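Annotated transmembrane segment per TrEMBL: 83-102, 108-131, 157-177, 189-211, 218-239, 245-264, 285-307, 319-345, 357-378, 398-420, 427-447, 453-473, in sequence order.
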Amino acid sequence: MAVDGMTTPRCRNTPLLPVVLQTRVNGSCRAGDRLLVFSICADTGAARWAAVVAVTEVGGASASAAFEGASTGPITRGSVARVGTATVLTALCGYAVIYLAARDLAPAGFSVFGVFWGAFGLATGAANGLLQETTREVRTARYTDMLPDGRTHPLRVAALVGVAAAVVIAGSSTLWSRQVFVDARWLSVGLLSVGLASFCVHATLLGVLAGADRWSQYGALMVTDATIRVAVALTTFVIGWGLRGYLWATVAGATAWLIVLIASPATRAAARLLTPVSTAAFLRGVGHSITAAGASAILVMGFPVLLKATSAELGAEGGVVILAVTLTRAPLLVPLTAMQGNLIAHFVDERTDRLRALIGPAAVVGAIGAVGVVAAALVGPWLLRAGFGPGYHAASALLAWLTAAALAIAMLTLTGAAAVAAALHRAYALGWVGATLASTLLLLLPMPLGTRTVVALLCGPLVGIAIHLAALARPRG
């Protein structure tokens, strides 16, 4: 590493004064390449370097060990390819679990499974606030001086948050479980509690890996999670375990973090990284992110639970609508959710021009969504019947509108990631909460189930998008 400037002897009787500088590395200046330079001569106007030592220590972990060999950025071809490949595999595994459950269970039984799938998605979606805040803090450490009394170990905090969340769910289950889980009630509560506790650590490890540009390990963790799920689902299908087997399959992947942590030295090095804020400040940011992520999870993963809560009876029609919602949104929201780490890291790097940084990702998502709307209208009904049987019938218009609604949620996800990266936690939370409340109210309209589902999922997110864009457009400071 070359530093512009000559190395000269230290001035006599002059103490060593540590100064953090942005240096010129290999002829180009790059933010975050900070060196600790000693010996600024107080009696002269020029800085004279006695020693140049790279600052790599982040708390108790060597940042060089964590970042060595990492990808060069969150949206470079290599990092996007790694996460993109992992996303495709994850999506295929998710489709496989849903397909096996739908083929093995009648529509009414699939409705029960879909509610638990949605409940776990709701809980883990909220826990993804840990991923978002951890990514932001680890990434921000590149541009922020680390204070010795203001550091936090994210994984330890995540473990405590996970245990607390599990206790709350299990302790409050007598108040709500009877209305939500109509079959295998206590198994569902137990799996939901333990699975969420483990997923909190899983999500935080993803955030650390994203912030450290460890995209290969990030992708490996995603794929391991999905592979475990589909393996349990396939076993259930083969041995005829029934509904309970698919409940286990839903949560089994939450143990993937432990497997990857044991198998990967690079992951262990990244897991030791600290964030440049106190635990209290980290928890405040996590609180805002979890609030917003929880609201987003209601629309993205927990929508079957919301639909059940606003409907007298779902029955077979509800199973068809839930499956249609799941299938039409998956091509957009599965990869977008998986790439939250890339997006937040990208928006942190481009934080000087918030709105401009949104244009590229929004254009890509919009183009994919437009193709999806047309495809859903043309071949959606046939694919639904061919893939899941004649009991699953939906009109082409319903599938096209549900895909358009998925596009609206995808745009809200983008603006939310930009708000998190800009540390606009209140606006981020308010946008998602506003979208969720609007969708909930729209679900109460006296309309057929399919129609009010489309109206709720299409119009509700527009409220959140407006809130996020208004906050991002405000001048900084």
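One is the number of the first residue shown, and numbering goes on along the chain from there.
Any Cβ shown, glycine's included, is placed from N, Cα and C.
In TrEMBL, annotation is done automatically, which means it is predicted and not curated.
For the transmembrane segment (357-378), same-chain residues at least 6 beyond its ends with a Cβ under 8 Å from one of its own Cβ atoms are 328, 331-332, 336, 343, 346-347, 350-351, 396-397, 399-400, 402-404, 406-407, 410-411, 414-415, 418, 472. Scored on C-beta pairs under 8 angstroms, the neighbour of the transmembrane segment (245-264) with the top count among 83-102, 189-211, 285-307, 398-420, 427-447 is 189-211. Between the transmembrane segment (453-473) and the transmembrane segment (285-307) there are at least 3 Cβ pairs closer than 8 Å, counting only pairs 6 or more residues apart in sequence, which means the two stretches are in contact. Note on the transmembrane segment (319-345): residues 73-75, 79-80, 83-84, 86-88, 90-91, 94-95, 98, 102, 107-108, 110-111, 114, 118, 128, 131-132, 135-136, 139, 206-207, 209-211, 213, 215, 218, 222, 300, 303-304, 307, 361, 365, 368-369, 372, 376, 380, 384, 388, 391-394, 398-399, 402-403, 405-407, 409-410, 413-414, 417-418, 420-421, 449-450, 453, 457 of its chain, located 6 or more positions outside it, place their CB under 8 angstroms from a CB of the stretch. Counting Cβ pairs closer than 8 Å and at least 6 residues apart in sequence, the transmembrane segment (427-447) and the transmembrane segment (285-307) reach three or more and so form a contact. Sequence-distant contacts of the transmembrane segment (108-131), counting only residues of its own chain at least 6 positions beyond either end whose CB sits under 8 Å from a CB of the stretch, comprise 98, 101-102, 154, 158, 161-162, 165, 169, 180-183, 188, 191-192, 195-196, 199-200, 203-204, 206-207, 210, 243, 246-247, 250-251, 254, 286, 288-294, 296-298, 300-305, 308, 314-316, 318-319, 322-323, 326, 337, 340-341. Cβ atoms under 8 Å from those of the transmembrane segment (157-177) belong to residues 123, 127, 130, 134, 185-186, 188-190, 192-194, 196-201, 203-205, 279, 282-283, 286 of the same chain, restricted to positions at least 6 beyond its ends. In this chain, the transmembrane segment (218-239) lies in contact with the transmembrane segment (189-211); the count of Cβ pairs under 8 Å, excluding pairs fewer than 6 apart in sequence, is at least 3. Same-chain neighbours of the transmembrane segment (218-239): 82-83, 85-87, 89-90, 92-94, 96-97, 100-101, 103-104, 202, 205-206, 209-210, 245-246, 248-250, 252-257, 259-260, 264, 267, 338, 341, counting only residues six or more beyond its ends whose CB sits under 8 Å from a CB of the stretch.
Within its own chain, the transmembrane segment (83-102) has Cβ neighbours under 8 Å at 110, 113, 117, 215, 218-220, 222-223, 225-227, 229-230, 233-234, 236-237, 246, 249-250, 323, 326-327, 330-331, 334-335, 338-339, 341-342, 387-389, 392, counting only residues six or more beyond its boundaries.
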